[in-house]
Amino acid sequence: MAVKLGPNRYGKAQTRLVHVVKDGPVHHIRDVNVSTSLSGDMEAVHLTGDNAAVLPTDTQKNTVYAFAGRHGIGQIEEFALLLAGHFARSQPSIHHARVEIEEYAWRREGPHSFAREGGEVRTCVVHRDRDGRASVVSGLKDLVLLNSTGSEFHGYAVDEYTTLPPAADRVLATAVEARWRHTGGTSSYGSSYERVRRCLVEAFTGTHSRSLQQTLYAMGERALATCEEICEVRLTLPNKHHFAVDLSPFGLANDNEVFFAADRPYGLIEGSVLREDAPDAGFAWE
Ligand SMILES: O=c1[nH]c(=O)c2[nH]c(=O)[nH]c2[nH]1
């Protein structure tokens with residue numbers, strides 16, 4: 001039987017790191033979850049068990065903590081680029097590093113007190129290879145949005161299994177997962193994040209929706225029109241269905257005011273919006 005090793009990578013998943021920056025009595029907190037993944041000349045470890053090419057995942061975890069202590073975190077994209085650049089050069093056997101970071105927000109409650117924000121999570125995925133090629137994808141997830149009107153869904157294809165009644169007015173709700181690809185480097189990932197996020201929210205709330213697909217496109221289009229530093233937006237939008245409850249058994253009308261919020265099954269609308277002249281994505285989405 002002829003077989004060979006296919007694509008592979010290895011690393012430390014979900015290194016949880018909290019960094020407290022002390023400015024006298026006023027402290028600042030950063031809370032991140034870092035996953036590193038390396039690839040390169042890894043035939044021997046898989047085929048013969050020779051570990052000489054393998055920088056241990058334990059070392060990768062230590063490096064995350066040491067770099068936080070030495071450099072601070074800054075914007076998560078910058079921290080990921082720093083780590084990926086280090087790993088891609090650290091061993092001759094390692095050719096490529098992928099670093100993924102999630103950041104959890106905390107709200108200030110006092111000089112050294114914080115309350116964890118329950119909502120959205122900021123994300124990034126950075127790739128670097130030893131030839132200096134790099135890609136940066138920024139994003140967010142768990143941004144839950146709802147329009148209580150301004151959404152319709154009708155005119156869809158019908159077959160013998162279709163029972164869905166057309167909706168002239170419905171609740172539209174989703175938990176946005178968005179990732180956007182930067183065309184090149186940017187000096188301000190923080191302000192870029194805020195602008196893209198605002199565009200996504202404004203397009204969701206401001207679009208009179210005939211489908212979540214139409215809203216998805218509007219969200220990507222708005223972000224690309226406003227934020228010239230990005231060239232592609234990928235969106236994953238679960239349709240968090242809200243079904244109006246039939247209150248007629250209780251002698252009550254229901255003018256789209258009382259809903260059953262179902263959690264499953266849910267529609268899942270996914271798509272990419274990109275510039276006509278977007279450069280090749282290379283390894284950015286891997
Ligand atoms: O916005 C929607 N898109 C669909 O594709 C779809 N399908 C469905 O049953 N409801 C909806 N809503």
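A Cβ is built for glycine as well, from the same backbone N, Cα and C atoms used for every other residue.
According to DSSP, LYS12 (active site, charge relay system) sits in a coil region rather than a helix or strand. The annotation active site, charge relay system is assigned in TrEMBL to LYS12 (among others).
The annotation active site, charge relay system is assigned in TrEMBL to THR57 (among others). In three-state terms derived from DSSP, THR57 (active site, charge relay system) belongs to a helical segment. Of all the Cβ atoms in the protein chains shown, 16 others lie within 10 Å of the Cβ of THR57 (active site, charge relay system).
GLN213 (urate binding site) falls within a helix when secondary structure is assigned with DSSP. Positions annotated as urate binding site by TrEMBL: THR57, ASP58, PHE153, ARG170, GLN213, ASN239.
According to TrEMBL, the feature O2 binding site maps to THR57, ASN239.
What TrEMBL lists as 5-hydroxyisourate binding site is THR57, PHE153, ARG170, GLN213, ASN239. Secondary structure at PHE153 (urate binding site), taken from DSSP and collapsed to helix, strand or coil, is strand. The Cβ of PHE153 (urate binding site) lies under 8 Å from the Cβ of LEU164, PRO166, ALA167, ARG170, ARG210, SER211, each of which sits 6+ residues away along the same chain.
Taken from TrEMBL, the feature active site, charge relay system applies to HIS241 (among others). Long-range neighbours of HIS241 (active site, charge relay system) (same chain, six or more residues apart, CB within less than 8 Å of its CB): ALA261, ALA262, TYR266, GLY267.
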Length of the line joining the Cα atoms of THR57 (active site, charge relay system) and GLN213 (urate binding site), in Å: 40
LYS12 (active site, charge relay system) and ASP58 (urate binding site), distance between Cα atoms, whole Å: 7
Cβ-Cβ neighbours of ARG170 (urate binding site) (radius 10 Å): 22
Cβ-based isolation winner (fewest other Cβ atoms within 10 Å) among the binding-site residues GLN213, ASN239: GLN213
